[in-house]
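What follows is one structure encoded as structure tokens, with my remarks underneath.
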């Protein structure tokens with residue numbers, strides 16, 4: 001048995017991996033999970049041990065040895081080789097003993113309210129992005145394809161992935177890439193659907209190669225710096241889409257602004273009511289059971305209530321818009337399930353490698369960063385992650401979706417974080433808490449007590465999304481502003497705990513009124529503002545490139561610049577002590 005593992009396959013998150021050089025002349029040094037030292041998804045580098053050096057009776061973590069620290073001359077002089085499939089085998093052996101408990105743990109607890117809430121949270125992007133995609137691809141993909149792909153892919157991921165707490169689904173970044181790919185096909189005069197399939201085939205092969213070569217270990221270079229900028233980008237994208245859907249009504253209507261004002265009020269009411277119901281957990285009103293019920297089922301109850309309000313004659317008569325779902329099941333442009341991929345010329349199949357390389361970068365970074373955030377020590381999950389196995393499963397799902405001509409699914413960070421928080425038990429903090437321990441606002445400081453890690457919620461949610469194809473007449477009754485309000489709620493919820501956004505707000509606060517552990521008090525306002533400005537600049541560049549159709553296909557490679565900025569730029573501008581405070585990963 002390799003040092004650092006247990007008989008059940010769970011690597012305890014509290015203790016670092018150890019070594020004993022006397023036992024084996026060729027040592028396997030195990031470091032922690034990429035990005036944070038207390039998780040345990042190992043990556044492996046073999047070094048030839050010095051026979052003169054003996055550590056009698058000593059267990060020594062890798063990070064405590066300056067001679068073998070990353071970047072040292074001795075470490076660089078040693079020959080490294082890829083141990084193919086090693087990470088996948090380790091992930092599989094670590095998670096297999098827990099597979100039964102992944103199902104059993106979800107039989108009780110918050111499974112039902114989580115399914116009801118996140119059903120709408122996962123359904124809304126599928127319907128919204130499906131409607132947008134229908135116009136971007138000239139009818140090649142629409143709502144039906146997104147519902148089938150989201151439901152089927154989510155169920156497969158819940159069953160076969162290593163860490164089931166992450167959700168996969170449609171994302172704004174993937175939709176942006178699909179639009180750029182459609183323009184790419186138009187420029188070269190090739191059919192979109194066969195090219196789409198070949199891009200997906202090449203992408204799935206590259207993802208499988210990366211997972212087999214233990215490439216997920218490279219995400220050790222991701223820290224809180226990259227995580228916070230990336231999550232801020234996704235959260236702002238949700239809020240932007242919600243506000244855009246409301247604002248466009250003010251410009252498309254005439255002088256009578258009754259309908260856009262009604263839509264704005266319904267969206268804000270949905271957002272406010274969702275937040276209010278969820279906050280009842282820490283209220284003094286009602287009994288404990290009622291407070292828990294209102295908090296767990298709050299977003300789902302909000303959608304039901306606002307849908308009922310939208311059906312009232314006095315509201316519906318004002319011209320409120322409803323979800324645009326098709327009346328019957330039919331694939332885009334009346335095509336069959338299997339895409340005629342051999343209709344594409346041989347030169348075009350090779351050309352598909354170019355966009356496939358950028359899509360692979362997007363999926364690799366998006367998925368691993370999302371999984372890193374889900375497995376953050378702040379969430380206090382106990383079961384070990386499985387980065388390589390998760391990436392392999394994602395690649396297999398991408399291949400299936402490509403052959404069927406369905407939209408690609410990737411890690412949905414917003415839904416994943418809301419999934420973790422929906423199955424987490426919180427208690428009010430008895431005293432002062434740090435930023436990383438806080439799960440609420442200034443008036444609602446809470447601490448995590450238990451996280452229900454289960455596959456049952458993911459399977460149930462995405463099964464309902466797939467079954468929504470038979471509920472299209474009912475979905476057409478949900479007002480569109482209600483979905484915009486849910487988007488606002490999801491984006492705002494994920495912003496909670498993002499210290500990058502908190503530092504932007506803290507820059508305008510009175511320094512004397514801040515908490516004792518605030519970086520503004522520890523380092524000073526100038527240092528913190530300089531660090532925050534760099535993150536704001538990275539966020540602005542990413543947003544501009546994402547929003548520009550001409551750079552949409554090349555946008556994924558720019559995400560990698562966040563990592564390079566953290567590695568090359570930040571250490572030159574800040575001391576190690578300052579980085580330790582601002583980037584505690």
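Here the Cβ of each residue, glycine as well, is placed from N, Cα and C on the backbone.
As the structure is a computational prediction, the values presented were derived from the model and not from experiment.
It is 346-365, from the ranges 66-85, 86-105, 326-345, 346-365, that TrEMBL records as transmembrane segment. Among the ranges 482-501, 502-521, 522-541, the one that TrEMBL lists as transmembrane segment is 482-501.
Within the set 32-50, 260-278, 279-297, the record from TrEMBL flags 260-278 under the feature transmembrane segment. TrEMBL assigns the feature transmembrane segment to one of the listed ranges (2-25, 386-409), namely 386-409. The stretch from 172-193, 229-248, 456-475 with the most CB pairs below 8 A to the transmembrane segment (116-134) is 456-475.
With Cβ pairs under 8 Å as the measure, the transmembrane segment (386-409) is packed most heavily against 140-160, out of 140-160, 172-193, 229-248, 482-501. Among the listed stretches 172-193, 229-248, 299-320, the one sharing the most Cβ pairs under 8 Å with the transmembrane segment (140-160) is 172-193. Panel annotation: around the transmembrane segment (456-475), residues 103, 106-107, 111, 114-115, 118-119, 122-123, 126-127, 144, 147-148, 150-155, 157-159, 164-165, 167, 323, 325-329, 419, 422-423 of the same chain, lying at least six beyond its termini, place a Cβ under 8 Å from a Cβ of the stretch.
Same-chain residues lying 6+ beyond the ends of the transmembrane segment (482-501) with a Cβ under 8 Å from its Cβ atoms: 120-121, 124, 127-128, 224, 228-229, 231-232, 234-239, 241-243, 245-246, 263, 266-271, 274-275, 299, 302-303, 306-307, 310, 323, 378, 413-415, 417-418, 421, 435-436, 438-441, 532, 535. Counting Cβ pairs closer than 8 Å to the transmembrane segment (172-193), the top stretch among 199-217, 260-278, 299-320, 346-365 is 346-365. Ranked by Cβ pairs under 8 Å to the transmembrane segment (346-365), the stretches 199-217, 260-278, 299-320 are led by 199-217. Sequence-distant neighbours of the transmembrane segment (199-217) (same chain, 6+ residues past either end, Cβ-Cβ under 8 Å): 34, 41, 43-44, 82-88, 181, 341, 352-353, 355-357, 359-360, 363-364, 368, 387-389, 391-392, 394-396, 398-399, 401-403, 408.
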